[in-house]
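Visitor: Submitted below is the structure of interest, expressed as structure tokens.
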Amino acid sequence: MNETDIKFLESAFKKYYFEQFELIRVPERTSEREFGYQKFNSGMTRHISVKDDKELHLLLMQNVPSDVYCSNAYYSFPNLPMNEKDWKEADLIFDIDAKDLNLSCRGNHTLSICNECHEISNNSEKCSKCNSTKLEKKSLPCKNCIDSSKIEVKKLSEILTNDLSVNKDDIQVYFSGNEGFHIYVYNSQFQQNGSRERSELVDYIMFNGAIPEKFGMKKFKPNRNSFPDFDEAGWKGRFSKYVYGSKSKRSKIVSELLSNGYSSFQKTLDDVSENIGTKIDPNVTMDIHRIFRLPGSINSKSGLTKIHCKDLVKFDAYVDSSFLSDDSVEVLANCPIEFKLKNKKFGPYHNEKVSVPTFAAVYMVCKKLATIA
């Protein structure tokens, strides 16, 4: 990214952190957290300890980071190297991202940027100008991406509350600022769980590794009465609703499952996992030393804010997370796909000078689809 673009983004971000600091969620037990940040065109700075909101505000104003992070873990010495921090416990965090959902819409709003000649083309594997295969993919997520991610959030929330006895008031959902959601679970029975236990939790939520015997099927002499019933709790109930369809079809479907045999039943379980298992990023939840994007901070992939979703159904990602200025900026835009922010449509642009609001200019510059003119 060139110096002019960096200065433009830093100016917009600094104005945000000066005017909108109340949107930053300063985490509880602040002094026990590890903070980190990145600057534009620079690496990560980690192992920072912050005492309170004043220190955090000072850090933001002095450094004007592209991205700000905070640990889900609590440490005795958060500013020391990892093996000296003395890990106490960690909040449970889940990451749901549209890019992991295999959505059919993805190809329609994904662009390929050539790292050799900087040509921008619609989702391709080879540059149309110089034939290079060194391409960077950029997505401009659509409403379907967000709506599909919301469905996964709802599935996750139901499992947490119904199966795992998590109090719904201890679950907080945040839009990531780009194309997904971060789900935080506080004060739960899982606070002191290590990576291995969290891995087992992930498998349960995603319905990974389910074995036929747990659902009534045996290699030898299976008993039809052992198969799940429609009204059972947890995954047995979900299995029943998905596989049988209705109570009246249970007997017929069980007969078919018995007839098809053990190996076929395993494929049925795999199908259940693929279709109704919650699609979370397992590595995020298992990592008890990770630092996460700070709620209320700007996501440098978009210029949008990681924001708390008080009402997930009504939440409009590309309106409710856009807080940058409406002031007009002239950019040289090469964005061949239309996008929508704050209920306004922008693009497509083909190597042309256009005047757009700052929030739209930042969005395109962050995605390498425009430069300051």
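Cβ coordinates come from backbone N, Cα and C, glycine included.
Note that this is a predicted model, so its numbers are computed, not measured.
Pulled from Swiss-Prot, these are the listed features:
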ACT_SITE  Asp95  active site
ACT_SITE  Asp97  active site
ACT_SITE  Asp281  active site
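Can you walk me through where each of these features ends up in the structure?
Guide: The DSSP secondary structure for Asp95 (active site) is strand.
The number of other CB atoms found within 10 A of the CB of Asp97 (active site), across every protein chain shown, is 20.
Here Asp281 (active site) comes close to Phe94, Asp95, Ile96, Asp97, Asp100: these same-chain residues lie at least six apart in sequence, with C-beta atoms under 8 angstroms from its C-beta.
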Visitor: Across all chains shown, how many C-beta atoms besides its own are within 10 angstroms of the C-beta of Asp95 (active site)?
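Guide: There are 19 of them.
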